[in-house]
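For Cys343, the entry in TrEMBL reads active site, proton donor. Sequence annotations record features per position, and here TrEMBL assigns pyridoxal 5'-phosphate binding site to Gly239, Glu273, Pro274, Gly275, Arg276, Tyr371. According to TrEMBL, the feature substrate binding site maps to Arg276, Arg312, Tyr316, Glu344, Tyr371. The domain 'Orn/DAP/Arg decarboxylase 2 N-terminal' annotation in TrEMBL covers 35-280. For Lys60, the entry in TrEMBL reads N6-(pyridoxal phosphate)lysine.
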Amino acid sequence: MDHFHYQDGELFAENVPVAKIAAQFGTPTYIYSRATLTRHFQAYQQALGKHPHLICFAVKANANIAVLNVLAKLGAGFDIVSVGELERVLAAGGDPKKVVFSGVGKQPHEMRRALSVGVHCFNVESIAELEQLQAVASDMDTVANISIRVNPDVDPQTHPYISTGLKENKFGIDINEAVAVYAQASRLSHISIKGIDCHIGSQLTSLPPFLDALDRLLALVDALEDKGITIQHLDLGGGLGVPYQNEQPPAPDTYASAILKRLGGRSLELIFEPGRSIAANAGILITRVDYLKPTATKHFAIVDAAMNDLLRPALYQAWQEIIPVTPRHDCPPHTYDVVGAICETSDFLGKDRALAIQPQDLLAIRSAGAYGFVMSSNYNTRNRAAEVMVDVDQFHLIRKRETITEQLANEQLLPE
Ligand code: LLP
């Protein structure tokens, strides 16, 4: 459930008319709902109850510091994949001791910064990375807490671009080699083994792949215990899907109770790294219709947002709902391809959508709070959108719209 709804014939974000935000800040603009972020985060907290756990929001899904701050105040930890994300967490008041550092290509300077602020754990993805981390920690005369990210070879049954736990993916260490790698890690002087980590993919809509992966991790916990290596936590990654259209993914409490049941009496701490399931339906992207263009074969609605603002439809053929901000009844609906102004045929936000619209109307693209703004770019020298957070009946600009001057500021002509 989210807090975007129609009231008196227009779309509201919590208690604020979306059109009011558009009038003040223009379009395209991302709008997030604090109440929805809170609700989704607390669903995880409540689902885990008293079992020791840490919910680390995946910063890659939505990195705005106001979003991170809202979650930090609720007690969230964070899953980061770069030192840039770490700096965002710190700027947002996040607790570094609740940060897990994922990613296949951590650089020495990133390890150094993460060690200096005392992150909870590094999720190590290769032997080479393990050795690099040992070298950095030793140089700093400190100890790095680690999990090995194992690749359990489970098919998450999702889009191939966002499945990560198959043998052919670049992520993690083959689970069949994990015991040997843990044994190697246990001999390193500046490495302390804490957990096992896996993340099998994103937008999963059923439980069996998660549970298959968990079973494989639990077998590994036992195999390691036999070798005298004790595991304190399991990090099960992110991946829980959201309803974009008709999907019916399990709710966090169904997911968590299935996991807790599988754990039996084990006291392993559980870490989760949800991104999409917290942020996606806590955000919309609003855009204005610039032109309607009927052609012999199709109607196009050309809008002021484009693939540089929201890449998911172009990149994954992702479907996101597009709704009018003020539904009108004075013209018949047509079937439109809703497209941006970018010079690419893949620049669409939605295809074959029945909409009753006129130029200058506002549209809202739903489920845009995760992997929306963070994947935006300056392609075609377009300014990146503004971001706004609604909080009950207040709304706040949390990132101002970029300007062309800002875009040009880092560039330089050749001398003479
Ligand atoms: N942990 C790790 C190690 C990850 O790689 C990811 C996502 C997450 C957690 C968070 O997963 P989530 O709960 O959000 O599914 N851009 C794509 C999604 C890429 C996901 C990458 N990794 C999209 O727009 O669908």
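Positions of Cβ are set from backbone N, Cα and C atoms, glycine also.
Unlike curated entries, TrEMBL annotations are predicted automatically.
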- Message: Fewest other C-beta atoms within 10 angstroms of its own C-beta: which of the binding-site residues Glu273, Glu344 fits that?
- Response: Glu344
- Message: Comparing the binding-site residues Pro274, Gly275, which residue's C-beta has the most other C-beta atoms within 10 angstroms in this structure?
- Response: Pro274
- What recorded positions in the list Lys60, Arg312, Tyr316, Cys343, Glu344 lie within 10 angstroms of Gly275 (pyridoxal 5'-phosphate binding site), counting C-alpha atoms? Lys60
- Its Cβ having more other Cβ atoms within 10 Å than any other among the binding-site residues Tyr316, Tyr371, the winner is Tyr371
- Item | Output field, pyridoxal 5'-phosphate shell: CB within 8 Å of site CB centroid, site Gly239, Glu273, Pro274, Gly275, Arg276, Tyr371 dropped | Ala58, Lys60, Ala61, Ser202, Gly238, Leu240, Ser277, Ile278, Ala279, Ala370
- Note on the structure: For Pro274 (pyridoxal 5'-phosphate binding site), the closest of the recorded positions by C-alpha position, picking from Lys60, Arg312, Tyr316, Cys343, is Lys60
- Note on the structure: CB < 6 Å to ligand 1, subset of recorded positions Cys343, Glu344, Tyr371, seq order -> Tyr371
- Task: Express the distance between the Cα positions of Tyr371 (pyridoxal 5'-phosphate binding site) and Glu344 (substrate binding site) as a whole number of Å.
- Result: 20
- Message: Just to confirm: which same-chain residues, 6+ apart in sequence, have a Cβ under 8 Å from the Cβ of Arg312 (substrate binding site)?
- Response: Ala318, Gln320, Tyr371, Gly372, Met375
- For Arg276 (pyridoxal 5'-phosphate binding site), identify the closest of the recorded positions Lys60, Tyr316, Cys343, Glu344, judging by Cα separation. Lys60
- Quick one: Cα separation, Glu344 (substrate binding site) versus Gly239 (pyridoxal 5'-phosphate binding site), in Å? 30
- The sparsest Cβ environment within 10 Å, among the recorded positions Lys60, Arg276, is found at Lys60
- Message: I'd like to confirm something. Which of the recorded positions, Lys60, Tyr316, Cys343, has a Cα closest to the Cα of Glu273 (pyridoxal 5'-phosphate binding site)?
- Response: Lys60
- Query: If you measure the residue listed as 'N6-(pyridoxal phosphate)lysine' to Tyr316 (substrate binding site) at Cα, how many Å is it?
  - Reply: 17
- Close in space, distant in sequence - Gly239 (pyridoxal 5'-phosphate binding site), Cβ under 8 Å, 6 or more apart: Pro156, His199, Ile200, Gly201, Ser202, Gln203, Leu204, Phe210, Pro274
